[in-house]
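According to TrEMBL, the protein has these features:
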COMPBIAS  257-277  compositional bias 'Basic and acidic residues'
COMPBIAS  278-287  compositional bias 'Polar residues'
REGION    244-287  region 'Disordered'
TRANSMEM  6-26  transmembrane segment
TRANSMEM  47-64  transmembrane segment
TRANSMEM  70-93  transmembrane segment
TRANSMEM  105-127  transmembrane segment
TRANSMEM  133-152  transmembrane segment
TRANSMEM  164-186  transmembrane segment
TRANSMEM  192-213  transmembrane segment
Amino acid sequence: MAVTSILRLAFTFGILGNIISTMVYLAPVPTFIRIFKKKSTEDFQSLPYLMALFSSMLWLYYAMLKKDTILLVTINSFGCVVETTYIAIYIVYAARESRVSTIKLLISMNMGLFSLILLLAHFLVSGSVRVKVLGWLCVALSVCVFAAPLNILKQVIRTKSVEFMPFTLSFFLTLSAVMWFAYGLLLKDLCIALPNILGFILGLLQMLLYGIYRNAQKVEEKKKLPGENLKSIVILGAVGGPEVYPVDAKPDVNGGAEEHDQTEESKEDEKSMEASQDKLQSNECAV
């Protein structure tokens with residue numbers, strides 16, 4: 001009776017985790033609608049989507065080898081479909097160089113490396129050992145990509161601006177981590193529970209920084225490279241891979257106007273100086 005209650009509770013947490021993770025997977029949809037309308041990928045990068053697809057494929061394989069993990073199968077199957085769609089759209093509208101690099105990564109990582117893992121897991125290990133090996137591979141992949149959101153946290157602290165770290169997204173990712181952690185804990189699956197402890201800590205840190213800097217005065221960056229009008233936020237998903245949420249960085253309209261005015265003033269000063277020199281020369285000739 002107690003076991004049945006635990007399984008029901010785990011199933012409830014898994015359902016909630018599925019719903020929240022689905023919302024997270026669909027978060028980049030407005031970005032790809034924009035890409036479709038503009039027929040250009042602009043400065044967006046494909047690597048986070050490729051990583052997300054690779055992670056979803058690994059988790060899906062892991063879930064299919066285990067018993068009673070239908071919820072993991074459904075969410076990662078959905079993730080594979082969504083991420084494949086994103087990548088396909090990206091390849092269609094990307095510039096030639098970006099398209100070629102994306103296809104190369106897709107073939108080498110999502111097809112080549114995944115096939116190699118599949119073959120090694122099938123022929124070198126068997127039974128429960130295969131499940132454990134794949135589970136810890138998934139954990140290792142999740143931990144490795146935790147470095148990506150730390151760059152965003154560093155940017156928030158440096159610029160004192162949270163415009164590239166939406167609170168709603170951080171909140172849902174934290175909530176998703178809680179649900180999947182509870183699901184993994186109740187099923188006594190460390191491979192599911194462990195990465196979500198880190199996800200929960202990172203989510204809390206993001207929300208804490210949001211509370212600190214949401215009303216702070218933004219510190220302008222002194223140096224800006226060309227093509228930095230678009231930024232990409234990479235945030236680790238709870239069960240799947242890292243999700244990318246590109247945000248438009250609003251151009252500094254006032255700064256641009258001031259720069260334009262200063263240029264015009266300098267041109268007028270140069271013209272007035274040239275005119276005064278011409279007058280002096282004409283006066284000298286007259287004398």
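Cβ coordinates come from backbone N, Cα and C, glycine included.
Count of Cβ pairs under 8 Å against the transmembrane segment (6-26): among 47-64, 70-93, 105-127, 164-186, the largest is for 164-186. Within its own chain, the transmembrane segment (70-93) has Cβ neighbours under 8 Å at 11, 14-15, 17-18, 21-22, 25-26, 28, 32, 35-36, 38-41, 44, 46, 49-50, 52-53, 56-57, 59-60, 62-64, 99, 102-103, 106, 183, 192, 237, 239-241, counting only residues six or more beyond its boundaries.
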